[in-house]
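Peer 1: Let me give you the structure first, and then I'll get to my questions.
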């Protein structure tokens, strides 16, 4: 049976309507378009519209709105109707509708099938998964009569989904039924964009950004070529003017994305070539200009070459008081033959501008901060007036509340200008009272926390006041009351300024009394709070998110927070188009109550279709997949995307992680999620340099040969008992190999070299044992040679196996087994000569350990102001584990932090309590009567402790008891006077951390602390707590008895130190400088002195200082 086909095409501003015979053997479709287009134009001009005519027409503003022109078909004709929407893209993804001349539109309708039964709806070109709900969302349903308006809506819905590049609908009539076919070409999206051939990771990132290709966004014609130009532009900005850039694209039809790989050869880096200088009065010769701008000939050109040069030149002009000087780059030209970049600058130094003040003196640096013409490099009325305001505000902060400032310019438009600020400071004032009246709902402290007007105190000697500050405080108080339901609150203020005392005598500083009067008015409260438009399945999840509750104070801030909480819930559950409107109605019966309805328009819920993971080359896919918080079938959660990105970065395996949504602008019910990773280099080398400065640092010198022989030491080496004030530099070098076996396991070689320590450690780490994020395993081993005490230098060869378990965010357990060989260098050991052979013997120590951390410090462990920190460390060394010495050590630490007062004082406390108990025979037992450990000396001489010297408990230093140098607290050798550690330790540190104050030059970056440290190290556990009551050494006079071969001295007492510290705030934590004074340093006998002096009594120093980074605890 013969049939007719009518096609209506929309796309790129052109609509095509034509009728074509359907029999076989006709000429090509394009030739039919040309033939019938020409014929239609002539027919419309000559005869108008008749049945069977063909035409080409221009659509209205929206091609999918309004009536559609068409042709009248014979009622018995079997026909196919097609309506098409197209968005042009690159030719390889689909053909583009050709432009044709437009003529007047037809008024007849093409919807000849209106009312016919739609027996079936088919989709061609774009496929849908079985779970995709988009086909079911179109308005025209199978089984319903054909409705032209519903077909239009269906086209709009499908095209708005973003899945189609172009779309058409065809109708095939069979009897009294019609089959609709929605056919189109799929839209493609940007997939993975890679840059190859560039070694620098930083430059690679810049080039990726320069392509302007965002993964997941719609792919358009010419995007790849534009990316090439963007790369070349970025390279030119970085000094590379002869690159070669090629791009290869691959089409992923299954996932509808186009991947692009740019191969870049950056070519040679340009060098600075010729520099020319233009301008009538530059103020510099060309040679000076190049020198000041550091434009050295043949230097490499980079991204900052020009900007840095201009910045330096403007700084030079400012030093010469040429505040209106101009310097700019006119153009830069690259010479390929010379591979040099030639610059053409223009500069004019302008007039000499002097900024002066009359009536008040300001430092040069302060004036530069207050007057913005220095920073802006120009002079205009706005900047001059801003300087007036800044000077006045500064003076008011100094107590000159009546200060007036005027500015004038002398010699404008001449070679020499003067900007003069005339200042009348007036009489200095002092805010003696700030009174609040009428406030009932909020107490004074709550309101004062929000006020900038302040009464004079020890920190603000004159207080703080100005009319602008007072006005701001009134607004702040109003906002607080209105946020709590007092919509009719009024706030007024009065200021009393007095120059005379009550007795009539003129005051040195005038007194200001500020009174703020508050009329609270009636408090509004919430009435009923309802949710409307919410799916009943979600109502129980949403209600707990609301802070607005019936009977609570009415607050727009509370409602705003509730709206944000609801929107966050919806976005997290795939409703990215959710909207919420708040409606408020005051109750008639009670005007103080306001009923609130949050009307929710949920919109469409979007689900994840597929997660497209790319970039995984050496890493095992499971390692990445275990970190994904987004999965196919889940609601599209933007916060889960960010969490996925964060967790992948935390693996430390990737330089870049991109988590994006494919088709972000489309309205599709199911979308793909792109997770693209760029693996980091597997080998990494880092190095650094640092130092510590403090007292108690072991030093070197010379001793007499006789003393060296007596003590068994090598001549030419000397150490003082308490060390000296010194700087200890150190360098570090770390080599890391990540991505072992395709996992997040790593191998690290850590080395440190300095005067006091030399360390080399190799460690293996598995941060996720068995895929568990809270379980980590590590094995380490290495060698260290450390002298962190003046008494000896210890070397350790050790291995450690450790399992770390994190129970929750605040609690961590560490289970480990340590095995080490410790030895003391006999040439460095400063104890009794006859003990050196025994105490310097290498000892094997091995056993299990357990550590528990509980950390709630905020905002950061380096500078905590609230929270607490607790650690418990247990270690057992036993012969059952192959140890040559047996002891048990428990070390407890607890820190707390409290904030108090409106000035935010911080009271910080740290307490350390440690015990060490040896069991088994004491290796220092001897029958030699001349030994320092013979008989009763075995218990009284701390050097005879059964625990090896490096394993004993020590205290003293920057993070311990600051009344002592490094590890210098506690018992000492009774012949040499050097600290030897003990079996128990108790140290309590209390700090009052003062709020930062504004100071000259440093602003509010410096704060101060006052501290008190007390405690000591004890030879026996039982001596710890009885010593609390002892402020001085018991039987201190015995320490001065140096007539015996071995001295006698009791070190069981609590040493106290007080001090003052300064903290300078930096991005990596505060830089710390502490000065301490030990109120009761220990005395001790010195029988053998390294300087060859006669036996004498000595005492630890009173003063100590420490310089480091971070708070002391």
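Using N, Cα and C of the backbone, Cβ positions are placed for all residues, glycine too.
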Peer 1: If you look at how TrEMBL annotates this chain, which of 36-56, 57-77 comes out as transmembrane segment?
Peer 2: 36-56
Peer 1: What are the helix, strand and coil residue counts for the domain 'POTRA' (356-426) according to DSSP?
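Peer 2: The composition, in the requested order, is 28 helix, 19 strand, 24 coil.
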Peer 1: Considering only Cβ pairs within less than 8 angstroms, which of the stretches 356-426, 431-521, 739-1113 has the most against the domain 'POTRA' (540-603)?
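Peer 2: Checked against 356-426, 431-521, 739-1113; highest Cβ contact count belongs to 431-521.
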Peer 1: If you run through the domain 'POTRA' (431-521) with DSSP, how many residues end up as helix, strand and coil?
Peer 2: 21 helix, 34 strand, 36 coil
Peer 1: What is the three-state DSSP composition of the domain 'POTRA' (540-603), stated as helix, strand and coil residue counts?
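Peer 2: Taking each residue of the domain 'POTRA' (540-603) in turn, the totals are 23 helix, 18 strand, 23 coil.
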